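K.L.:
Structure incoming, see below.
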Amino acid sequence: MKITIQFGGGVHLLFGNIKLHEIDLPDREKHWTIGDLLLWMTDNLLQERPELFLQDKSVRPGILVIVNDTDWELLGCADYVIQPKDTIGFISTLHGG
Amino acid sequence: MPSCSAKCGRNAILKRPKTSDVLCKECFFEAFENEVHFTITRAKLFTPNTTVAIAASGGKDSTVLAYVLKLLNEKYDYRLKLLLLSIDEGITGYRDDSLDTVKQNRDDYEMSLKILSYKDLYGWTMDEIVAEIGRKNNCTFCGVFRRQALDRGANLLKVDYLATGHNADDIAETVLMNILRGDLARLSRCTSIITDSGDGIPRVKPLKYCYEKEIVMYAYFRKLVYFSTECVFAPNAYRGHARVLLKDLEKIDPTVIMNIIHSGETMKVSETSKMPKLTNCTRCGYVSSQEICKACVLLEGLNKGLPRLGIGKSSKVKRLLKENEEKNKSSGICRGEEDKTCLCSGTDSMKPVKINELVLKELRI
Ligand SMILES: [Zn+2]
Ligand SMILES: [Zn+2]
């Protein structure tokens, strides 16, 4: 399943400095939730300091998740079932300025 | 997908942390801007026909502040002259990207931009200071100079107001930190929406009641360009811990942010408690708990070729100054962590510095 991942607010620094990732999630019986995606990203994309991205099987508080321009809090957060061609953004609020 | 709480018929795009309302993009913009307008008018932040310097770092808060102030100034005819004020610390390579972002703000929002360097304000760049003092202690200089730079800059430009992008999360965090430190003088000041730094130029915080999440969402949906620096990822002392604690609490119940600010606002320090008195520095006039403020002590050290003067507690510095070569076994800790965006935050700088060795070495001219 092809989806797009975007990073903002400095999160890309943990992912090899790349802000946009076009990824292809492996096909499987079970659907993919964002919770599953977070673990997949940790294993396959994350380059450093996982504790700055993940906490308790969700994103670290202070990182906003936006699915197709909608706050994931409206979509069930980590339980949201990912659809083909979704664009999922991770934006840190933890920056100065 | 839920529909907008404002019953406009559109789909909601976010959940507001402050109210739990779910709003569409248009209703969110309107709610966010109206709240800032309400904050400004209720606190009577500005008088018409004055000049407001917006402290601009290129980051999300100051970018949103500049955008919203421009919008409200036109919409409600505040009749303010808005300008952007940026500080260049003079660290090679560090500010290039964020100053580019500020220049983009200048063009996008059609405001004039004044960039003042540490050289303009203090006579030294951070690079020159690092050359004098070495990497280990530059946190102290960076933090202290940074805190005063905007005030000194506003003074230099003779503006009527200095507006900063402090948001609700920042203020709640500062309340927590001042409680953790037992800093009662700062605790009672830190929630004020208007403060005076001693020069008669009010510092105002129009985004005081805006949640950080909403500021980031506002910038995202308005497609505002801002710059994020890496240094906040460096975990540093109280600031870092207070931030993490706050974000964890906020996840359980976002209203804690407002509750902490409210507690800070209504907390009264008992009249019988001993308060460190805040006065104004006799050299530069900046608000200080000492006769001479930390920046002036540090500057004096730099200018006299004793750059390590002032690293450590001020009482100790005074004693050292007076007694000159008397040997004592005190130690000082870098205070750079007081500034949440200290440039040189790092584990090295957090190590205690033996002041007796350092200062005595420097005093032996
Ligand atoms: Zn609406
Ligand atoms: Zn001073």
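Cβ coordinates are placed from backbone N, Cα and C, and glycine is handled just like the others.
Sharing the feature lines straight out of TrEMBL:
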type: BINDING; residues: B:Ala55, B:Ala56, B:Ser57, B:Asp61, B:Ile87, B:Gly165, B:Asp170; note: ATP binding site
type: DOMAIN; residues: B:52-228; note: domain 'tRNA(Ile)-lysidine/2-thiocytidine synthase N-terminal'
type: DOMAIN; residues: B:280-309; note: domain 'Cytoplasmic tRNA 2-thiolation protein 1 C-terminal'
K.L.:
Other Cβ atoms within 10 Å is the metric here; tell me which of the binding-site residues B:Ala55, B:Ala56, B:Ile87 scores highest.
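P.N.:
Most Cβ neighbours within 10 Å: B:Ala56.
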K.L.:
Take the domain 'Cytoplasmic tRNA 2-thiolation protein 1 C-terminal' (B:280-309) and count its residues per DSSP category (helix H/G/I, strand E/B, coil), listing them in that order.
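P.N.:
Taking the domain 'Cytoplasmic tRNA 2-thiolation protein 1 C-terminal' (B:280-309) as a whole: 10 helix, 3 strand, 17 coil.
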K.L.:
Against chain A, with Cβ pairs under 8 Å, which of the binding-site residues B:Ala55, B:Ala56, B:Ser57, B:Asp170 show up? Give them in sequence order, please.
P.N.:
B:Ser57
K.L.:
Quick one: average pLDDT across the domain 'Cytoplasmic tRNA 2-thiolation protein 1 C-terminal' (B:280-309), no decimals.
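P.N.:
Mean pLDDT across the domain 'Cytoplasmic tRNA 2-thiolation protein 1 C-terminal' (B:280-309) comes out at 80.
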K.L.:
If I restrict to non-local contacts, at least six residues apart, and a C-beta distance under 8 angstroms, what lies near B:Asp61 (ATP binding site) in its own chain?
P.N.:
B:Gly165, B:His166, B:Asn167, B:Asp170, B:Leu207, B:Ile215
K.L.:
Could you tell me which three-state DSSP class B:Ala55 (ATP binding site) falls into?
P.N.:
strand
K.L.:
Does DSSP put B:Ile87 (ATP binding site) in a helix, in a strand, or in coil?
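P.N.:
Going by the DSSP assignment, B:Ile87 (ATP binding site) falls within a strand, counted as strand.
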